[in-house]
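Some features that TrEMBL has for this protein:
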- 70-93: region 'Disordered' (REGION)
- 129-163: repeat 'PPR' (REPEAT)
- 164-194: repeat 'PPR' (REPEAT)
- 196-230: repeat 'PPR' (REPEAT)
- 231-265: repeat 'PPR' (REPEAT)
- 266-300: repeat 'PPR' (REPEAT)
- 335-369: repeat 'PPR' (REPEAT)
- 370-404: repeat 'PPR' (REPEAT)
Amino acid sequence: MDLIIPTSHTHEGLCSFQYFIRDTTRRSSFAGARTRGNVGSTRKIHVGLRKLRKSRVFAVSEVETFHSNGKLQNHDKPLNGHMGNGHVSSSSIEEFESNNHLRKLVRNGELEEGFRFLESMVYRGEIPDIIASTSLIRGFCKIGKTRKATRVMEIIEDSGAVPDVITYNVLISGYCKAGEIDNALRVLDRMSVAPDVVTYNTILRTLCDSGKLKQAMEVLDRQLEKECYPDVITYTILIEATCAESGVGQAMKLLDEMRDRGCKPDVVTYNVLVNGMCKEGRLDEAIKFLNSMSSYGCQPNVITHNIILRSIREGKVEEAIEFFHDVEGCGVKPNAFTYNSIMFGLCKAQQTGRAIDFLAYMISKGCKPTEVSYTILIEGIANEGLAKEALELLNELCSRGVVKKSSAEQVVVRL
């Protein structure tokens, strides 16, 4: 729903509210005082190299290659079955062309045709390219056909090709997204290559999102036994789940373990803990924790401050505004969510006039209001007993394209 409003619409939206204030101030004490004013692991490129029979040599024709002088040259003529002094077998050329065709089918999204062609390749004794096969698995997973993706894995394993960890990770991710965690764990058990941290993180995320923290911790133990060491993403996943299931106290113990293992928490890790404290009503502790982050070599970001602001905006609007200006003072640039939080708090406090002033301040600081910015104010106007005027204003904003019709309909239901 957070749609950035085009610049041309920004001023139209603001003008609508300012006109509304001038028009309604005479009839009510509506207007108030003006408010002061992307884990990353490096992915190894797998080029499908494999052991070939001595009689097999790959031939490349009509492609660009690098000459010995380092310049890129284009060969627009066939190599006539020879490369250097080695004879090129017709089977090698056929396999090369078959893999090119497989890649083309997958690239064009022709998954079923690609699957049938893969089967025919293996039937002819050809070894499929791992990258193309992995893309085929990914394609089937994206459309929820995990059984077909598994069949692709079985075919390439039977062909003599060697799937790499990326291939397995794609299949495991597909199962996890489909909610088939048991199948993902079965793939983990039978991997022919060592799982990497991405493999485990994918499974841990799914287990934690499913409320299976105990099983996730068992997988972590297994990961450590395999000497595949957790990274910051691993621990952040587990800390977030621990906050939700066992509370921040237990999560802090996991943070200590993380540090003891030499894994440095990042701002996302700290934000998870700040959020956990706020959800438990430990706002003062959350602010203290925020202020201590820099001593650990991690600076709070706008999201950190937004989490705090969201917790204090209702019922403590003046404190929220003071905190907002503190955020500005420490060099963190507020985003639309930051401004929206203040406007929401003001509207809840029946101070919609100040909220509209805050919209003007937001625009003056170069931050584009979102659709949410406007709908917050419209609902604030309605809650002050001006439902008819709010509806008229909403219709005007819709006609100008500032608020989408679908969003307006949702607002009308709440008015």
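Cβ coordinates are placed from backbone N, Cα and C, and glycine is handled just like the others.
Note that the structure is a prediction, hence the values are computed from the model and not measured.
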**Report entry** Residue numbers, six or more beyond the limits of the repeat 'PPR' (266-300), whose CB comes under 8 Å of its CB atoms
**Finding:** 232, 235-236, 239-240, 243-244, 247-248, 251-252, 255, 258, 307-308, 310-312, 332
Report task. Please list, for the repeat 'PPR' (370-404), how many residues fall into helix, strand and coil according to DSSP. Result -> 26 helix, 1 strand, 8 coil
Query raised in the report: Can you count helix, strand and coil residues in the repeat 'PPR' (266-300) using DSSP?
Result: 27 helix, 0 strand, 8 coil
Report summary line: Here the mean pLDDT of the repeat 'PPR' (196-230) is 96
